[in-house]
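S.K.: According to TrEMBL:
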- 7-26: transmembrane segment (TRANSMEM)
- 46-67: transmembrane segment (TRANSMEM)
- 144-169: transmembrane segment (TRANSMEM)
- 181-205: transmembrane segment (TRANSMEM)
- 217-236: transmembrane segment (TRANSMEM)
- 256-274: transmembrane segment (TRANSMEM)
- 286-306: transmembrane segment (TRANSMEM)
- 318-339: transmembrane segment (TRANSMEM)
- 351-373: transmembrane segment (TRANSMEM)
- 385-404: transmembrane segment (TRANSMEM)
- 418-499: domain 'RCK C-terminal' (DOMAIN)
Amino acid sequence: MIRLQAIIRGAIVGIIVGIVVSSFRFSIEKMLFFFKKIYNFAGEGFFNFLLITFLLVLLSVIIGFFIKKQPHIMGSGIPEVELQLTNQLSISPYSVLYGKFIAGILAIGTGGFLGREGPSVQLGAAVGQIFAEKLSLNKNDWRLLVASGAAAGLSSAFGAPLAGTLFILEEVSHSFSTLLWLQSLSAALMSDLITSYFFGLKPVLSIHYTATFPLRYYWILLLLGVILGLLGRFYQVATLKTYLLYRYLQKIPRKWQTIIMFVGILPIGIYLPNLLGGGSILIDSLAVHAPSLAIIFGIFVIRFGFSWLSFGSGAPGGIFLPILTLGAIIGVFIGKLGVDLHLLPPVYLPNIIIFSLAGYFACISKAPFTAIILVTEMVGSLSHLMPLALVALIAYIVVDFLGGEPIYESLSSRMITFKKLSQHPKKLTRVDFKVPVLSSIVGQEIRAIPWPKNVILTRIQRNGDELLGRGDLIIESNDLLIFWTVDENTEVIRKQLKSIVL
């Protein structure tokens, strides 16, 4: 009876989420089509350029209005959902629902290098939260409905119900309870059914390939996995450091920093309109026709740079599809290089793109099962599972070896850290301590150590990498611990920390 009830609740939430996210997705597609014409108009004369610039400034102000009303509509939305499910964040679902919906359409539909998938997850979670609160459910059932709504949101965004369910289990909730996966799958299936009614049964990506990847070329997959892992770790580091750029732009209020994104995409919209948006159109075009290596490299630089700029601005939009797009570009480059060097027949180039999609997302999100199933559902074929899984696993291992953490968990941890720091109006003092080899805290999790009051461990420098001070991170010898304290008696704090660390 309990399981049937969970399935019914999930189905109801899935239907509502399907309608909301399908409307969101439809609006973005139509607005992007319209704005490509707008950018073409802007390139026809200086007056036109000024007129469209004014329009983009106005849109930035409108987005800023919604951000001021609800700051948690900024960015992807997936970290917020993770924190909600762990009782670390409380958000009004109504302000998220209308704020993320409208501001997300404006930010993504104008050509921002952002994805609709993260916002769709947050919109779905908001629908689930509203439904749970209307039913006055207990906290456990409340979490189930929020998670189910999030799964339905991703399912609608990609047309991938299995991946939507797996993503919630593997990346967001980190739980494989029977009720959770039953309710999430029910919601994801129903939302996908609604989305299919709007957009048809055609896969999100139209990558056609005619040949199965042969074993004699598997050595290329090993190389591809390593390259994806290295570039995936680079993406993680760059994304987590976007605040460094915008810290120097503090004269522009945070709520209006989306104007920086708009200033960046305006020339792209005029001269390279096909590069705008999340990137699904670009992926399809690269699979049909691969340009020269120089052009592919240029596309990668532009997409990487402007994705970084767009996300860092705080615009309501995600990194899900931009990550997949970058993976596809890397795959095209490696595949084209192999073709040019006569190491790989051209017929296998689409296969390489598919493998790269999964590998790049798997290593950055550190959710390999989701990546494998997602790409499989997106291209509508099961015939590439083994090589796809191999690339995803190798890329994952490389990022893990380099100390990379799941990107959404890292963003969640950073959000909590900034929230703690912002709660202290007094001047903060930085205190650093290096962990000796024989320290008693070596091998312990951060959360298990009795740190002094009024101290926040924000970062750890380890072997050239900088890690966020997450509670489950294990201390190693020679780690440099970076604390911030609000206590005016800094020397007392130093002595307390020294007694713990040394």
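Glycine is no exception: its Cβ is also placed from the backbone N, Cα and C atoms.
TrEMBL does not curate its annotations; it predicts them automatically.
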S.K.: Taking a Cβ cut-off under 8 Å, which residues six or more beyond the ends of the transmembrane segment (7-26) line up next to it in the same chain?
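M.R.: Apart from its flanks, the transmembrane segment (7-26) reaches 97, 101, 104-105, 116, 119-120, 123-124, 127-128, 131, 144-145, 148-149, 152-153, 155-157, 182-195, 197-199.
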S.K.: At a C-beta cut-off of under 8 Å, are there same-chain residues at least 6 beyond the transmembrane segment (46-67) that contact it? List them, or none.
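M.R.: That would be 38-39, 73-74, 99, 102-103, 106-107, 110, 253-256, 258-259, 262-263, 266, 314-316.
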S.K.: Among 144-169, 181-205, 217-236, 286-306, point out the range having the most Cβ pairs under 8 angstroms from the transmembrane segment (385-404).
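M.R.: Most contacts with the transmembrane segment (385-404): 217-236.
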S.K.: Residues of the same chain, at least six outside the transmembrane segment (181-205), with any C-beta under 8 angstroms of its C-beta?
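M.R.: Tertiary neighbours of the transmembrane segment (181-205) are 3, 6-15, 17-19, 21-22, 25-26, 124, 128, 144-145, 147-149, 151-156, 158-162, 164-165, 168-169, 280, 283-284, 287, 357, 377-380.
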S.K.: Excluding the flanking five residues on each side, which residues at least 6 beyond the ends of the transmembrane segment (286-306) place their CB within less than 8 Å of a CB in that stretch?
M.R.: 113, 205-208, 235, 238, 264-265, 268, 272, 275, 279, 322, 325-326, 328-330, 332-333, 335-337, 339-340, 349-350, 353
S.K.: Using DSSP, how many residues of the domain 'RCK C-terminal' (418-499) fall into helix, strand and coil, respectively?
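M.R.: In the domain 'RCK C-terminal' (418-499), the DSSP-based counts are 18 helix, 26 strand, 38 coil.
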S.K.: Who are the chain neighbours of the transmembrane segment (318-339) in space, where the CB to CB distance is under 8 Å and they lie at least 6 residues beyond its ends?
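M.R.: Residues 75-78, 113-119, 121, 157, 220, 223-224, 227-228, 231, 235, 239, 278-280, 282-283, 286-287, 290, 292-293, 296-297, 299-300, 303-304, 307, 311, 345-346, 348-349, 352-361, 364-365, 375, 407 contact the transmembrane segment (318-339) from elsewhere in the chain.
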